Amino acid sequence: MGGDSRDYYTNLNPSPSNTFGDRVDRYFKMTERGSSVMQEIKAGVILFATMCYILVVNPEILGAAGLDMGLVASSTAVCAVVGSLIMGLFANLPFGVAPGMGLNTYFAFELVLGSHHTPAQACTICLVAGGIFALLGAVGAANAAINSVPLSMKKAVVVGIGLFQTIIGLSVLGVIQAGDQTILELGDVTGMPQMLGIATLLLIAMLVVLNVPGSILIGMGFTTVVALAIGLTHVPAKVVSTPEIAITVFDWSVLTTVSGWVGIFFVFFVAFVDVGGVMIGIAAQADELIDERTGDVTNQRWGFTIVGLSIMISAVFGNSPMIIYLESAAAVQQGGRTGLTTIVSALLFFVVMFFVPTVSAVPRAATAPVLVLVGSFMMGAVMAVSWDKINEALPAFMTITMMAFTCSISTGLVSGICFYAVLNFPFVLARGLNVAWLKDRLAMEEIQSARQRAASIESAIERKRSEVYSFRERREGSGDVAVHHQSRASPPVFN
């Protein structure tokens with residue numbers, strides 16, 4: 001009888017392994033990845049702070065293509081909530097998902113304004129591209145597809161979009177304009193909006209240099225306050241409102257046109273290259289996000305699949321394609337290791353969704369500098385191009401310049417692909433026809449590439465050795481006997 005009573009009272013107090021907190025810990029594998037609930041919450045707040053500028057910038061870009069800015073602002077928030085939520089719940093990765101910079105530019109200025117598709121047709125194009133993206137991710141073909149694209153072309157696309165985006169930002173701000181004697185000329189930089197925009201760009205850049213979390217948001221907020229004070233913008237009629245959501249009525253007729261399928265290819269290609277590079281780059285900052293058996297990103301297949309589904313969701317809500325945000329690196333640097341980080345940011349986007357009317361108070365002097373700044377971040381990819389190899393350098397150069405100077409992402413990409421195919425055809429042919437002098441050239445390039453990889457490996461080993469020595473010195477200095485888990489040291493991340 002006494003034994004039964006003890007069992008009864010024991011059951012009233014479940015063991016720690018059955019508590020809600022421990023179930024959450026097991027689901028998100030927080031202990032396994034060296035994290036905690038508070039650490040994930042802090043990282044989630046940082047992730048939201050570095051991403052939420054898209055709520056202001058995206059309506060400005062898509063509004064240029066004739067879309068209703070209020071509806072775009074609401075749908076941007078909804079997309080960020082849904083995309084980030086499913087990424088956190090199913091992929092368990094600290095990667096924020098929302099309508100992305102670059103692809104929103106392509107959506108507005110290429111699909112709608114350039115190719116003269118209606119917004120409904122552009123959304124149909126994105127829906128199909130997202131479906132293909134999700135299918136490739138689900139069957140595990142993502143890695144093979146990414147590896148088949150030359151590195152120089154991947155990076156050239158990023159740089160080209162960044163330069164194109166910068167031109168748009170400077171044009172919207174009025175710093176550059178169409179010239180009478182030249183293609184472009186300097187605009188009136190003495191006007192108050194232009195001066196405020198330039199000051200905003202410098203302010204945000206200084207905050208980035210100081211590694212201040214949410215630097216873009218802080219800069220935009222400061223500029224909005226100044227603009228309100230000097231009369232460049234107005235206070236919105238209401239601050240809180242129920243989000244306005246519109247569901248897209250798809251126009252399937254676009255699938256019967258060549259331009260429609262060209263658009264599908266480019267949306268898919270740009271999104272695939274962007275997401276693959278960002279996932280790998282961010283995960284490299286933390287050992288816990290790399291699968292030890294394969295060397296791939298943890299749950300990478302889920303990550304690709306969810307981004308594809310997110311692109312389809314954004315099309316349903318009449319928005320540009322969603323991507324994984326590079327700003328997620330700031331969350332990883334702050335200790336975010338699981339999907340709980342992403343879920344926290346999704347909840348914050350949900351709260352902000354009811355304050356969308358305040359977006360109308362943000363002036364172009366606050367949004368245009370963000371396009372320029374993000375464009376400068378994207379220019380860093382140019383360092384990955386082998387400029388000493390003309391068969392890689394010229395296609396990359398043509399991709400970048402044609403994107404920017406024709407104001408067409410698809411034109412730049414087609415130009416680069418054509419140049420790459422022609423210049424590299426002899427080397428591909430040499431492998432099959434056994435042409436001696438070309439094979440010698442290929443052999444020399446392979447030797448040089450192997451030497452570069454060896455040097456890179458040696459450098460990585462040396463860095464790891466330095467980290468181990470540094471860790472030992474700190475441990476011996478503090479007298480701490482226990483060896484605590486530490487993730488890989490990461491360089492400062494500019495959000």
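The backbone N, Cα and C atoms fix where each Cβ goes, glycine too.
Model, not experiment: these values are computed from the prediction.
Look at TrEMBL and you will find 41-58, 70-91, 119-144, 156-179, 191-210, 217-237, 257-282, 302-326, 338-356, 368-387, 393-423 tagged as transmembrane segment.
By the Cβ criterion (under 8 Å, sequence separation of 6 or more), the transmembrane segment (156-179) is not in contact with the transmembrane segment (70-91), since fewer than 3 such pairs are found. When Cβ-Cβ distances under 8 Å to the transmembrane segment (368-387) are tallied for each of 41-58, 191-210, 257-282, 338-356, 393-423, the top count falls to 191-210. Outside the transmembrane segment (70-91), and at least 6 residues removed from its termini, the chain residues within Cβ reach (under 8 Å) are 51, 54-56, 58-59, 62-63, 97-99, 243-246, 299, 302-303, 306-307, 309-310, 313-314, 317-319, 322, 324, 338-343, 345-347, 349-350, 352-353, 356-357, 359-360. The recorded stretches the transmembrane segment (119-144) and the transmembrane segment (217-237) do not share 3+ CB pairs below 8 A when only pairs 6 or more apart in sequence are counted, and are therefore not in contact. Long-range Cβ contacts of the transmembrane segment (393-423) within its own chain (Cβ-Cβ under 8 Å, at least 6 residues beyond either end) map to 105-106, 109-110, 114, 150, 152-153, 155-157, 159-161, 163-164, 167, 262-263, 266, 269-270, 382, 385-387. Against the transmembrane segment (191-210), stretch 217-237 shows more Cβ pairs under 8 Å than any other of 41-58, 217-237, 302-326. Counting only same-chain residues 6+ beyond the ends of the transmembrane segment (338-356), those with a CB under 8 A from a CB of the stretch are 24, 28-30, 33, 35, 37, 40-41, 43-45, 47-48, 51-52, 55, 70, 73-74, 77-78, 80-82, 84-85, 87-98, 239-243, 331. When Cβ-Cβ distances below 8 Å are used as the criterion, the transmembrane segment (302-326) is approached by residues 47, 50-51, 58, 61-62, 67, 71-72, 75-76, 78-79, 82-83, 86-87, 90-93, 95-100, 102-104, 106-108, 119, 123-124, 126-127, 129-138, 142, 245-248, 250, 267, 271, 274-276, 278-279, 281-282, 377 of the same chain, each at least six residues removed from its ends.
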